[in-house]
Amino acid sequence: MRIILIGSPGSGKGTQAKIMSKKYNLPHISCGDILRKQNKCCDINKLIKKGELINDKLVTNIVLEKLKNINLFKGFILDGFPRTLYQANSIKENKIKIDYVLELFLQEKYIYERVLGRIIDKVSGEIYHLKFNPPKFITEKSNKNKILVRRLDDKKSALQKRINDFFKNSCLISEFYKKESLEKKLKYKIINADFDINTISNKIFNIINV
């Protein structure tokens with residue numbers, strides 16, 4: 001089972017991808033995590049801080065290289081890729097079969113609240129939200145050691161740029177996968193992400209388990 005999760009910043013892609021990864025025993029490939037790990041090797045860090053999209057060809061090559069190192073027949077969950085039409089076409093041109101494309105749709109007015117309240121455990125990679133999904137405990141020690149941190153691109157100054165880029169590209173990607181779905185090449189579904197984590201998970205499971 002090969003699944004793509006796309007959606008705006010704060011729509012819950014990473015959270016849902018991790019839940020699905022555990023449930024279906026599939027590797028979770030996060031485009032964002034891959035790029036953040038690359039920033040020591042190249043100049044990606046500066047672009048991430050500004051909320052700017054990385055060069056299409058560079059991102060595509062990095063993600064495709066990652067996909068080469070896993071069992072494509074067993075499947076995977078690809079989170080946050082493709083973000084542009086070029087990237088979507090690259091998956092198709094490289095003959096990587098996709099079974100499901102799930103788009104988590106979140107209205108722009110909710111994106112700010114979701115993203116600006118997001119914190120991440122630097123050690124485990126677990127994603128929390130100060131309002132909607134707070135960690136069970138936050139000690140002075142954990143704050144001092146900066147175990148709970150904000151992502152570089154979650155700063156308000158970078159967020160608007162990310163939102164603009166997303167909506168500029170999302171229509172093209174949606175149309176691309178609608179066409180693929182009509183041609184029975186995959187299943188493309190839009191899921192309202194303005195719900196709690198468990199409700200969204202159940203919506204996803206209902207689609208996949210049909």
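Backbone N, Cα and C define each Cβ position, glycine as well.
According to Swiss-Prot, the protein has these features:
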BINDING   Gly10, Ser11, Gly12, Lys13, Gly14, Thr15, Arg118, Ile127, Tyr128, Phe195  ATP binding site
BINDING   Arg36, Glu52, Leu53, Ile54, Gly80, Phe81, Pro82, Arg83, Gln87, Arg151, Arg162  AMP binding site
REGION    30-54  region 'NMP'
REGION    117-154  region 'LID'
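Projection of Swiss-Prot feature records onto the structure.
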residue: Gly10; record: ATP binding site; DSSP class: coil
residue: Arg36; record: AMP binding site; DSSP class: helix
residue: Gly80; record: AMP binding site; DSSP class: coil
residue: Gln87; record: AMP binding site; DSSP class: helix
residue: Arg118; record: ATP binding site; DSSP class: strand
residue: Tyr128; record: ATP binding site; DSSP class: strand
residue: Arg162; record: AMP binding site; DSSP class: helix
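The binding-site residues recorded for this entry are Gly10, Arg118, Tyr128, and the Cα of Gly10 lies nearest to that of Arg162 (AMP binding site). Counting Cβ atoms from all protein chains shown, Arg118 (ATP binding site) has 21 others lying within 10 Å of its own Cβ.
Using a 10 angstroms CA-CA radius around Gly80 (AMP binding site), the binding-site residues that qualify from Gly10, Gly14, Arg118, Tyr128 are Gly14. Of all the binding-site residues given, namely Arg36, Arg162, the one with the smallest number of surrounding CB atoms inside 10 A is Arg36. With Tyr128 (ATP binding site) as the anchor, the candidate binding-site residues are Arg36, Pro82, Gln87, and the one with the nearest CA is Arg36. Considering only the binding-site residues Gly14, Gly80, the Cβ with the fewest other Cβ atoms within 10 Å is that of Gly14. For Gly10 (ATP binding site), the count of additional Cβ atoms within 10 Å of its Cβ stands at 24 [all protein chains shown].
Sequence-distant contacts of Gly12 (ATP binding site), defined by Cβ-Cβ distance under 8 angstroms and a gap of at least six in the same chain, are Leu104, Leu106, Arg114, Ala193, Ile197, Ile200. Note on proximity: of the binding-site residues Arg36, Pro82, Gln87, the one nearest Arg118 (ATP binding site) is Arg36, by Cα distance. Once the Cα atoms of Gly10, Ser11, Gly12, Lys13, Gly14, Thr15, Arg118, Ile127, Tyr128, Phe195, the listed binders of ATP, are compared pairwise, the greatest separation found is 16 Å. When the alpha carbons of Gly14 (ATP binding site) and Pro82 (AMP binding site) are compared, the span between them is 14 angstrom.
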